[in-house]
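> The following block contains the structure, expressed as structure tokens.
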Amino acid sequence: MSCPVPACCALLLVLGLCRARPRNALLLLADDGGFESGAYNNSAIATPHLDALARRSLLFRNAFTSVSSCSPSRASLLTGLPQHQNGMYGLHQDVHHFNSFDKVRSLPLLLSQAGVRTGIIGKKHVGPETVYPFDFAYTEENGSVLQVGRNITRIKLLVRKFLQTQDDRPFFLYVAFHDPHRCGHSQPQYGTFCEKFGNGESGMGRIPDWTPQAYDPLDVLVPYFVPNTPAARADLAAQYTTVGRMDQGVGLVLQELRDAGVLNDTLVIFTSDNGIPFPSGRTNLYWPGTAEPLLVSSPEHPKRWGQVSEAYVSLLDLTPTILDWFSIPYPSYAIFGSKTIHLTGRSLLPALEAEPLWATVFGSQSHHEVTMSYPMRSVQHRHFRLVHNLNFKMPFPIDQDFYVSPTFQDLLNRTTAGQPTGWYKDLRHYYYRARWELYDRSRDPHETQNLATDPRFAQLLEMLRDQLAKWQWETHDPWVCAPDGVLEEKLSPQCQPLHNEL
């Protein structure tokens, strides 16, 4: 028998088995964010609000997205299903038009059915609406993404509106910032990262609650995967400014919950959808494209506040975590035929009590933009990362906003002119990749020495390939037989050879 949360709680309260106040959950999401915060030891940037949240959180050092692309990542974290299973193979908007399958049971859908009030403020970027319904929604679908995703005063007021109209039900609020995403391709008047939007300068408008912070390009910390050039440093400095705006927005959102008297009843999670938009970052399944910040703050689990977890966790774990927080079971259902859907992620709540031994995470990417078909699958087991490039005969595709970025244009110009690039790779090896890439990050943290053909690692390679294939079968991956076979479920074996010399 199903029982809505408030009704069940009323009954259990009489029996002394239910909390007098409902639990709530707040998910804060950065857009193309990385480790630009004091909480993750970046001393060049000021992020006091994220740092304060980290002191009340368990900080995960080995958290990864399962896909390094905006819509697929958001769909995956809101369903607990990898992109190849939920159907969001690429970007949702405009000509790309990817959508999750109609029968997918998303987190907001399951929460709503269980009596939890749901809200979203900011960048949604997933569909269809029937799969991702929210009771309260202010997104790019009914307003300006700049206003609901970057104007932190507007975001603050929308959070207040959500809380003021709150009824007796517990709530799940999803605040999806548009910072620090690039905007030089779409709104160049606001700067490469929209760092000028709302800064009070002529024609830029003014965000009342934002105190802009400017950074000297000479002072930024250049990650190993970003060219150490003036163009890239200027890009990073602009990115820092928008990270600062988001950080102040995080502080405003948390203050609204505090003022409403619900912060101490609310599970707060902060993370990002994918890696930063720089070479080897977003759209890649390397470490820079998949490693994410992850802060989990539970008012009921202060034991590990301020601690660091080394456990390997995935954004696929967020749906089971939030369902666990609300004590809502995951249903048994099928999307196609009789294949029952099972979550491969796990609840992170046990990690808030004691350090777990979790050591494996998986990745799956098929598209970004509709023209960027470059399916990749990956598994990371402790410090070993295996990447399978299914279209390895083709050059790796570059997305539009990254292509026109100052960093990449400078890299192209330096490469064609034969000048030093200040980069740890070269474009030829970036474009053309081996089918299998195996890296030992304990000895090769920059992932430059491919061990896949080294006979000393043959047994490890086989083990990781088996792990990856097992996960692909469990998650009903249509690409499981590619590139040298075709999936035919009515035959045995189901992977039939193509004899294509691969």
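Positions of Cβ are set from backbone N, Cα and C atoms, glycine also.
Copied straight from Swiss-Prot:
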SIGNAL    1-20  signal peptide
BINDING   D31, D32, C70, D273, N274  Ca(2+) binding site
CARBOHYD  N41  N-linked glycosylation site
ACT_SITE  C70  active site, nucleophile
MOD_RES   C70  3-oxoalanine (Cys)
CARBOHYD  N142  N-linked glycosylation site
CARBOHYD  N151  N-linked glycosylation site
DISULFID  C183-C194  disulfide bond
CARBOHYD  N264  N-linked glycosylation site
CARBOHYD  N413  N-linked glycosylation site
DISULFID  C481-C495  disulfide bond
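Tell me about the setting of these features in this model.
Here D32 (Ca(2+) binding site) comes close to C70, P180, H181, R182, S272, D273, N274, G275, I276, P277, R282: these same-chain residues lie at least six apart in sequence, with C-beta atoms under 8 angstroms from its C-beta.
Cβ environment of N41 (N-linked glycosylation site): F35 lie under 8 Å away, each six or more residues apart in the same chain.
In the three-state DSSP scheme, C70 (Ca(2+) binding site) falls into the helix class.
Around the Cβ of N142 (N-linked glycosylation site), 9 further Cβ atoms fall within 10 Å across all displayed protein chains.
The 10 Å shell around the Cβ of N151 (N-linked glycosylation site) contains 25 further Cβ atoms across the protein chains shown.
Cβ neighbours within 10 Å of C183 (disulfide bond), excluding its own Cβ and spanning all shown chains: 25.
In the structure as shown, the Cβ atom of N264 (N-linked glycosylation site) sits within 10 Å of 11 other Cβ atoms. Taken residue by residue with DSSP, N264 (N-linked glycosylation site) is part of a helix.
Residues near N413 (N-linked glycosylation site) in space but far in sequence (CB under 8 A, at least 6 apart, same chain), listed by position: Q419.
Listed in sequence order, L487, Q494, C495, Q496 are the same-chain residues at least 6 apart in sequence whose CB falls under 8 Å from the CB of C481 (disulfide bond). Under the DSSP three-state reduction, C481 (disulfide bond) is assigned to coil, being neither helix nor strand.
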> Let me know how many other Cβ atoms fall within 10 Å of the Cβ of C495 (disulfide bond).
16
> For the recorded Ca(2+) site, whose residues are D31, D32, C70, D273, N274, find every other residue on that chain with a C-beta no more than 8 angstroms from the centre of their C-beta atoms, and list them by sequence position.
A30, G33, S69, S73, R74, H181, S272, R282
> With every protein chain in view, what's the tally of Cβ atoms within 10 Å of the Cβ of C194 (disulfide bond), excluding that atom itself?
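Summing over all protein chains shown, C194 (disulfide bond) has 28 other Cβ atoms within 10 Å.
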> Would you identify the secondary structure of N413 (N-linked glycosylation site) according to DSSP, in three states?
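The three-state answer is helix.
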> Spatially, which candidate from the recorded positions D31, N142, C183, C194, N264 is nearest to N151 (N-linked glycosylation site), comparing Cα atoms?
C194
> Rounded to the nearest Å, what's the C-alpha distance separating C183 (disulfide bond) and N142 (N-linked glycosylation site)? Just drop the number here, would you?
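Cα-Cα, rounded: 20 Å.
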> With an 8 Å cut-off on Cβ-Cβ distance and a minimum sequence separation of at least 6, pull the same-chain contacts of D31 (Ca(2+) binding site), or say none.
C70, K123, G149, A176, F177, H178, D179, P180, H181, S272, D273
